[in-house]
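Annotated in TrEMBL:
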{"type": "ACT_SITE", "residues": "Asp241", "note": "active site, proton donor"}
{"type": "BINDING", "residues": "Arg53, Gly54, Ala55, Arg88, Gln200, Asn251, Lys252", "note": "substrate binding site"}
{"type": "SITE", "residues": "Cys161", "note": "site 'Transition state stabilizer'"}
Amino acid sequence: MRIDGKPYRTIWLAEDGWSVEIIDQTRLPHDFATTRLTTLDEAAHAIAAMLVRGAPLIGATAAYGMALALRQDPDGIDRAYDTLLATRPTAINLRWALDRMRRRLSSLPTGERAEAAYIEAAAVCDEDVGINEAIGSHGAALIRRIAEAKPGQPVNILTHCNAGWLATVDWGTALAPIYKAFEDGIDLHVWVDETRPRNQGASLTAWELNSHGVPHTIIVDNVGGHLMQHGQVDLCITGTDRTTARGDVCNKIGTYLKALAAFDNGIPFYVALPSPTIDWTIADGVREIPIEQREGAEVSALTGRTADGRIETVTVIPDGSPVANYAFDVTPARLVTGLITERGVCAATSEGLLGLFQEKRAAE
Ligand SMILES: CSC[C@@H](O)[C@@H](O)C(=O)COP(=O)(O)O
């Protein structure tokens, strides 16, 4: 992704060769600011406080967090593993990245661990970029087919939360097909769900699409069904934080309701799925995926920029009203038209996933 003409990933090794730079996503869309991670605790804080977020980027940050930890204490694999794993419960990429790092590092002599950890973390990042670009190509082919069926009119795509460049190391998952199709000259337009309570759609997806020049419109979370009933959505594409072995998909809260509305209106509902986001150990997403509950202040307050440029937070609920803040929900596989993976599009079924990733399942 290019910001002000300069190519950026969302996480990279700093010029000193050991600290790690990230974009502080809590400051977007108002400021594009980077910040430096130098310790395990800083990496854990960046994930928990959502300076970085999105399943693939959480995994990549955890991998670098392990490298930062081992630089300080080469015997600290288990402490780093436990500290990082405790940051967020739902995105399986976190555990996937930590398991991969621990497998690679624990048999090495302590003196070799830190260097090997940096190499492995860089490999996690590079692989993420390749996976997402491939998802982009497979998904763009779907968009192209729809475009051919409605010449002279834009393809209207609805997306939820931010499964874009900012949620990954580069490209995004749900937004990768959109970027690829846009670069191929396909006429398209994106409906961006605002995605309360943290507004990742309004703040992050809209910022990304805007920076890239992709036509889009921000809508509040409950508009999607109405648009679908009136023929204004051709397809939905969302991301996923964990997909079960039978194709149930867990993503940002509200995704399930969009999938239900799409099903009722006969609109294709695709989920962009990098293979590290598959949890082969579980089948029933509703019963088995832990759903993160975050602090009530995310619901009770809104933060924004005032006309004179100050960032302010205001309360929008009555004093004393209790709040519940479920951050994710599960969309059952039967509501998912297809999974767009780095190896192609498959059915959201165990057969579909095994058809593409048999050997990965066997290796888990
Ligand atoms: C490619 S990212 C897929 C998901 O991680 C994304 O859709 C999402 O729900 C992110 O949630 P967040 O709470 O912002 O980390």
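Placed from the backbone N, Cα and C atoms, the Cβ positions cover glycine too.
Automated prediction, rather than curation, is the source of TrEMBL annotations.
The Cβ centroid of Arg53, Gly54, Ala55, Arg88, Gln200, Asn251, Lys252 marks the substrate site; residues of that chain outside this set whose Cβ lies within 8 Å of it are Ile58, Ala91, Cys161, Asn162, Ala163, Ala167, Gly239, Asp241, Phe328, given in sequence order. Using a 10 Å Cβ-Cβ cutoff, Lys252 (substrate binding site) registers 25 neighbours. Counting other C-beta atoms within 10 Å of each candidate's C-beta, the binding-site residues Arg53, Arg88 are led by Arg53. Packing around Gly54 (substrate binding site) is summarised by its Cβ count: 30 other Cβ atoms lie within 10 angstroms of its Cβ, all protein chains included.
Within 10 Å of the C-beta of Asn251 (substrate binding site) we count 28 further C-beta atoms, all protein chains included.
Neighbours of Cys161 (site 'Transition state stabilizer') among the recorded positions Arg53, Ala55, Arg88, Gln200, Asp241, defined as a Cα within 10 Å of its Cα, are Gln200. The CA atom of Asn251 (substrate binding site) is located 5 Å away from the CA atom of the residue listed as 'active site, proton donor'. A separation of roughly 5 Å, to the nearest angstrom, links the Cα atoms of Ala55 (substrate binding site) and the residue listed as 'active site, proton donor'. Taking every pair among Arg53, Gly54, Ala55, Arg88, Gln200, Asn251, Lys252, the residues listed as contacting substrate, the largest Cα to Cα separation comes to 17 Å. A simple way to gauge crowding: the CB of the residue listed as 'active site, proton donor' has 31 other CB atoms within 10 angstroms, across all the protein chains here. Its Cβ taken as reference, Gln200 (substrate binding site) is surrounded by 27 other Cβ atoms within 10 Å in the chains shown.
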